[in-house]
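> Here Swiss-Prot flags 1-19 as signal peptide, drawing on sequence analysis. What Swiss-Prot records for 20-566, 624-635, 703-727 is topological domain 'Extracellular', and it gives sequence analysis as the kind of evidence. The N-linked glycosylation site annotation in Swiss-Prot covers ASN84, ASN248, ASN292, ASN312, ASN368, ASN407, ASN428, ASN487, ASN527 and rests on sequence analysis. What Swiss-Prot records for 567-587, 603-623, 636-656, 682-702, 728-748, 761-781, 785-805 is transmembrane segment, and it gives sequence analysis as the kind of evidence. Taken from Swiss-Prot, the feature topological domain 'Cytoplasmic' covers 588-602, 657-681, 749-760, 806-839, and the record attributes it to sequence analysis.
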Amino acid sequence: MGPRAKTICSLFFLLWVLAEPAENSDFYLPGDYLLGGLFSLHANMKGIVHLNFLQVPMCKEYEVKVIGYNLMQAMRFAVEEINNDSSLLPGVLLGYEIVDVCYISNNVQPVLYFLAHEDNLLPIQEDYSNYISRVVAVIGPDNSESVMTVANFLSLFLLPQITYSAIGDELRDKVRFPALLRTTPSADHHVEAMVQLMLHFRWNWIIVLVSSDTYGRDNGQLLGERLARRDICIAFQETLPALQPNQNMTSEERQRLVTIVDKLQQSTARVVVVFSPDLSLYDFFNEVLRQNFTGAVWIASESWAIDPVLHNLTELRHLGTFLGITIQSVPIPGFSEFREWGPQAGPPPLSRTSQSYTCNQECDNCLNATLSFNTILRLSGERVVYSVYSAVYAVAHALHSLLGCDNSTCTKRVVYPWQLLEEIWKVNFTLLDHQIFFDPQGDVALHLEIVQWQWDRSQNPFQSVASYYPLQRQLKNIQDISWHTINNTIPVSMCSKRCQSGQKKKPVGIHVCCFECIDCLPGTFLNHTEDEYECQACPNNEWSYQSETSCFKRQLVFLEWHEAPTIAVALLAALGFLSTLAILVIFWRHFQTPIVRSAGGPMCFLMLTLLLVAYMVVPVYVGPPKVSTCLCRQALFPLCFTICISCIAVRSFQIVCAFKMASRFPRAYSYWVRYQGPYVSMAFITVLKMVIVVIGMLATGLSPTTRTDPDDPKITIVSCNPNYRNSLLFNTSLDLLLSVVGFSFAYMGKELPTNYNEAKFITLSMTFYFTSSVSLCTFMSAYSGVLVTIVDLLVTVLNLLAISLGYFGPKCYMILFYPERNTSAYFNSMIQGYTMRRD
């Protein structure tokens, strides 16, 4: 006997030994094509130990799992409904073979049984393309670990497997599990529904509890990744001790539960997400009740979201609000009556030989246990039941297509698993107003519901309060929830309260949800879309008050025509302009008279013309500064004013030279007269002033500048020169020197003839200019803003008036009111008198 033959014999012997008579007709229905069903009708909740691990556990020794029996009845109901439907698989009878897998204890033996022939032989072959298994498809099991165990076998044969409640994301891997499909949304959508629920109620500080199995670890990790993207923080995550099917909970595990619940008590988080099979939660919630941890929102994963046994712990109502994520409720007409009155037990069909049976096909107490929960099962709606129901119909529609059925007959033939799998992928039909088809990952896009646990017997124990649509990835139809809080207010679960508008976050600790709120300072604002942790400075032309989310334009301040000080100075400048113009006319009409000639002759007209130009520059101080107005302020006006002062200084020097220095230095005086000394001096001073002006403009520029008012930051001062005080000292340095020179020469000529003695007038003009300039610089060091501009303009106009009226005014007075003194004879007599006094 070869090795291959020995292997075949060994498998045959194993299957034959494990085969036992079925005692419950609910588990088997003969038909042309059989469906395999794997359901958890029992679960180990008492820690019954099997010492011999080679022995298949006897599931009936465990406690009845009501939901599992309910789902098994859904499969039976769907098969019988299809068999009674003349439009679907006409003339073909579907049968089923159902096995209790005891949650996760009994998976391998049923799979081998389903894969084997009727004689319990599973041959070893190189090619299974033409292999005929006992069943054409398998419905179940219910949890991810069991599904992966079963799928690893069935995928080798490409035997279709449709699970109705396993949500693990790894099951979407069609390379590993090419024959696996499911009629429930994946964990990706379950977790997204949870996250959107938290976002809707603004919960960003949560606790995550997971089981120690693959289901808990994987889904806990997926949830953590999703929460991190949405700035939702996990206060802490703990692993619940898993209730092993064949073990009692140890003292260490119980102490672990005590520690976890104590940690819940100490935490400020009030939203608890639990990813765990229902079997692991009975002891946990008993400990929660013992420690009286209340006031929390519990978010249940689909594994226990609608568990009637846990719901039967009515004391849970005192712990807080229970919300669960589960598949949508689709009422199935007639199913409740079928579940309640369906057969419970009966002898197996006599036609089945003993070798065709398998173990764990009995449940003596299932119907009685189900009847005790019948009300809650009926009120809770057909949720996972519809997933089983639609899975059976998906196989039926695939068979209908594969057998080439029409409205009356089907062509019965051998169906190979891989052929049926191809057709299942193609199905697209409507079942109870819902479209059933499989996406590329093998999932059906049924929407999810958020349910709230209710303990009022007059209400649905699992009341739907919101819906989640996988295709849109949106949470919709959110209804009012009965919260456990006073006045039914939405519970708060945040590490830190939300910051007010215009407050930045200062992190506290490692969690982004824990922070202090700090007001943004004036001049800064908070842009929530860019950075919630730093206040951004406003642009230079904008400002903000404290705790602002935006800036506003600063108020631009400059001299305006409608202001009273501006009007007053403008009127004063107009008076000076008209006075200077009148003086110019008077001097022009009396050009050849001694007074005009003694005042400088042609030089007077140059001074008066420049004074008129200077008065005309006054309006450029009003209004927003421009390049042109700044040029007039910084170049034209200083140049005009300097030439005027230089004329006075040169004229004073010339008079002193004529009367006092000509006799002492005749040669020097002759050079002065011969080479037009006054005009050469004025030209030199003008060039020097132009150099000073150009240097000043190169240093400061001509473009208007803005600066913030230090006393009122919301105001922006617009000026031609940001450093006007220093610039003023530089530009007026020559003018101040000339004023001192002019004053000195005027003082030296105080004894000259009265007609030529201008000491009083020059002293008045130059002293006023010197004093006003020094006062202006002092004022600018103490004040700023538009007030400096108005004072500067006022001083400028007064300096012009001092020259116009202080220097030229007395001469006009003499010309108009003392014409007898404006004669050559009078001037000669005054000179002779001065000469005689000196002698």
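Positions of Cβ are set from backbone N, Cα and C atoms, glycine also.
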> Short question: which residues 6 or more past the ends of the transmembrane segment (761-781) have a Cβ under 8 Å from it?
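Residues 645, 648, 652, 724-725, 728-729, 732, 735-736, 739-740, 742-743, 746-747, 788, 791-792, 795, 798-799, 802-803, 806-807, 810 contact the transmembrane segment (761-781) from elsewhere in the chain.
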> Between the transmembrane segment (785-805) and the transmembrane segment (636-656), are there three or more C-beta pairs closer than 8 Å, counting only pairs 6 or more apart along the chain?
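These two segments touch.
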> Of the listed stretches 567-587, 682-702, 728-748, which one has the most C-beta pairs under 8 A with the transmembrane segment (636-656)?
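Comparing 567-587, 682-702, 728-748: 728-748 has the most Cβ pairs near the transmembrane segment (636-656).
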> Within the same chain, where does the transmembrane segment (682-702) have neighbours whose Cβ lies under 8 angstroms from its own Cβ atoms, ignoring anything closer than 6 residues to its ends? I mean 6 or more beyond.
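603, 627, 630-631, 634-635, 638-639, 642-643, 646-647, 650, 720-723, 727, 730-731, 733-734, 738.
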> The topological domain 'Extracellular' (624-635): which same-chain residues, six or more beyond its ends, come within Cβ distance under 8 Å?
556, 558, 617, 693, 696-697, 700, 702-704, 718-721, 727, 731
> How many helix, strand and coil residues does the topological domain 'Extracellular' (624-635) contain under DSSP?
9 helix, 0 strand, 3 coil
> Looking only at residues six or more beyond either end of the topological domain 'Cytoplasmic' (588-602), which have a C-beta under 8 A from one in the stretch?
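Tertiary neighbours of the topological domain 'Cytoplasmic' (588-602) are 647, 651, 755-756, 808, 811, 814-815, 821-824, 826-827.
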> In whole Å, how far does the CA atom of ASN527 (N-linked glycosylation site) lie from that of ASN407 (N-linked glycosylation site)?
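Rounded to a whole number, the Cα-Cα distance is 66 Å.
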> Cβ neighbours within 10 Å, counted over all protein chains: which one of the glycosylation sites ASN312, ASN487 has the most?
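When each Cβ's neighbours within 10 Å are tallied, ASN312 leads.
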> According to DSSP, does ASN84 (N-linked glycosylation site) fall in a helix, a strand, or coil?
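Note: ASN84 (N-linked glycosylation site) is coil by DSSP, not helix or strand.
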> Where DSSP helix means H, G or I and strand means E or B, what are the helix, strand and coil counts for the topological domain 'Cytoplasmic' (588-602)?
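For the topological domain 'Cytoplasmic' (588-602), the helix, strand and coil counts are 8 helix, 0 strand, 7 coil.
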> Helix, strand or coil by DSSP: which one applies to ASN428 (N-linked glycosylation site)?
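Looking at the DSSP assignment, ASN428 (N-linked glycosylation site) belongs to a strand.
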> Can you tell which of the glycosylation sites ASN292, ASN312, ASN407, ASN428 lies nearest to ASN84 (N-linked glycosylation site) in space, using Cα positions?
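That would be ASN407, the closest of ASN292, ASN312, ASN407, ASN428 to ASN84 (N-linked glycosylation site).
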